[in-house]
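Student: TrEMBL lists 4-34, 76-103, 111-145, 149-179 with the feature domain 'Centromere protein J C-terminal'.
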Amino acid sequence: EEIQRETAYPDGKVEKVLKNGCHLIFFPNGTWKKVGSDGKTVTITFFNGDVKQVMPDQTVIYYYADAKTTHTTYSDGLEVLHFSNGQIEKHYPDGKKEITFPDQTIKNLFTDGQEESIFPDGTIVRIQRDGSRTIEFNNGQRELHTSQFKRREYPDGTVKTVYLNGQQETKYVSGRVRVKDKDGNIIMDTKL
């Protein structure tokens with residue numbers, strides 16, 4: 001582009017105004033700034049290779065050269081980070097975070113302390129504030145882990161619970177209940 005005007009300042013800064021209306025400002029440390037002809041689009045290229053762009057809608061895109069990471073902040077407060085390994089994090093204005101890992105596992109961190117992970121095979125793990133977790137498998141089975149027991153629910157309605165003391169209880173759809181002690185010995189079986 002053709003230069004319309006060039007100004008050198010005592011501090012070493014140089015400003016060039018182009019005929020298309022863009023302003024280029026060069027700083028002594030190697031950083032330079034470009035203000036678009038609209039006056040709203042600003043790009044700052046830092047001496048270390050980082051680049052900051054401010055768009056007309058006030059979206060800010062910051063590229064960290066060393067980490068090869070892009071951090072975009074939208075005017076509504078949403079922040080999105082793209083990491084060089086393919087991980088993407090979304091930080092919502094309400095405090096919720098969503099992380100998509102390179103293997104496409106998605107983890108949601110909620111403001112109330114709950115977590116949810118969705119794995120590529122369809123398995124979903126939810127962790128409550130009290131530490132209990134629910135696992136929903138893609139085959140229809142479901143597990144509940146608490147500080148007192150682990151319970152697996154099968155699609156046919158069978159429910160197997162293993163208690164902290166090792167005792168196991170299996171309830172079948174038929175109404176049958178079988179209880180085993182920690183060593184696997186049957187201590188109750190209501191065969192119907």
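From the backbone N, Cα and C atoms, a Cβ is placed for every residue, glycine too.
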Student: How many of the residues that make up the domain 'Centromere protein J C-terminal' (149-179) does DSSP mark as helix, as strand and as coil?
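Tutor: Helix (H, G, I), strand (E, B), coil: 0 helix, 17 strand, 14 coil.
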Student: Pull the DSSP breakdown for the domain 'Centromere protein J C-terminal' (4-34) and write it out as helix, strand, coil residue counts.
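Tutor: Counts, helix then strand then coil: 0 helix, 17 strand, 14 coil.
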Student: For the domain 'Centromere protein J C-terminal' (76-103), jot down how many residues DSSP puts in helix, in strand and in coil.
Tutor: 0 helix, 12 strand, 16 coil
Student: With DSSP as the reference, give the number of residues of the domain 'Centromere protein J C-terminal' (111-145) in helix, strand and coil.
Tutor: 0 helix, 16 strand, 19 coil
Student: Taking every residue in the domain 'Centromere protein J C-terminal' (76-103), what is their average pLDDT?
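Tutor: That stretch averages a pLDDT of 97.
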Student: Residues sitting near the domain 'Centromere protein J C-terminal' (149-179): Cβ under 8 Å, six or more positions beyond its termini, same chain?
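Tutor: Contacts of the domain 'Centromere protein J C-terminal' (149-179) (Cβ under 8 Å, skipping residues fewer than 6 from its ends): 139-143, 186-192.
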